[in-house]
Ligand code: SF4
C-alpha cells in the first residue's frame, strides 16, 4: 500500500486557503515549546492559531509547569503574521496512568504511545468543537520518534467523530525537526531529553547508563 505524503496533503490545504484568501482558526495541540517552534513559525503565516496545552502524560509535575512557562514565553517572543494565543489544558495525570495501565513496560513508540496520542488528540478535538475552530492538529509529528501515520489516522477518525477538520501534517518533513532545534537554540528554550511520561524518562536513563558503561 502506498504511504500518504501528509506534507503534500497540508500543501493542498494551504494552497486552497491562499486562493480563497482565508485565514482559518486552528487549535494546535502542543507537547512543548521546542516542538511547537517550527510549527508556529510555519503555520502562523496561514492560520490564526490557538496553542492548546493538554499533556496529562508529563512527569513530574514540575516538568509540566516548566513546559507550560516555556510555551507561553515562546508565543510572546516569536514574531507571527497572524495572532497566536494560548489555551491552558488541565493537568490530569490520573487519566494518563489509567490509560497506560498494563502498558507500562512497552517501549517508546508502541501501543502505549498510540493511546497517549489518542488521549491528547481527543481532548483537542473536543475543545476544537466547543470553540468552533475550523481545524485542529498537533505538533507531535515533528519528532522523529513519533508515528506520523498513526497520528494522522487518529486525527482523521476524530475529525469524523467531532465534526471539525483535522489538519493532516508531518512536520518533520522539509527539515522541520532541524528548524525546531535551530529555533530552540535561538530562543534559548528548555529542551528535555525524554518524551514526557515517567516510563519514557526511565527508558532514557537506562539507555544513558548503558552508553556510559560502553565507554
Ligand atoms: S513515551 Fe511519549 S508518547 Fe509514549 S506514552 Fe510516554 S509520553 Fe506518551
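Including glycine, each Cβ sits where the backbone N, Cα and C put it.
Per TrEMBL, the features are as follows:
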BINDING   31, 32, 113, 116  [4Fe-4S] cluster binding site
DISULFID  195-197  disulfide bond
Length of the line joining the Cα atoms of residue 31 ([4Fe-4S] cluster binding site) and residue 197 (disulfide bond), in Å: 11
Cβ-centroid neighbours of [4Fe-4S] cluster site 31, 32, 113, 116, 8 Å, sequence order: 55, 57, 117, 120, 140, 143, 146, 195, 196, 197
Assigned conformation of residue 113 ([4Fe-4S] cluster binding site) - DSSP reduced to three states: helix
In sequence order, those recorded positions of 31, 32, 116, 195, 197 whose CB lies under 6 Å from ligand 1: 116, 195, 197
Inter-residue C-alpha distance, residue 116 ([4Fe-4S] cluster binding site) and residue 197 (disulfide bond) (nearest angstrom): 10
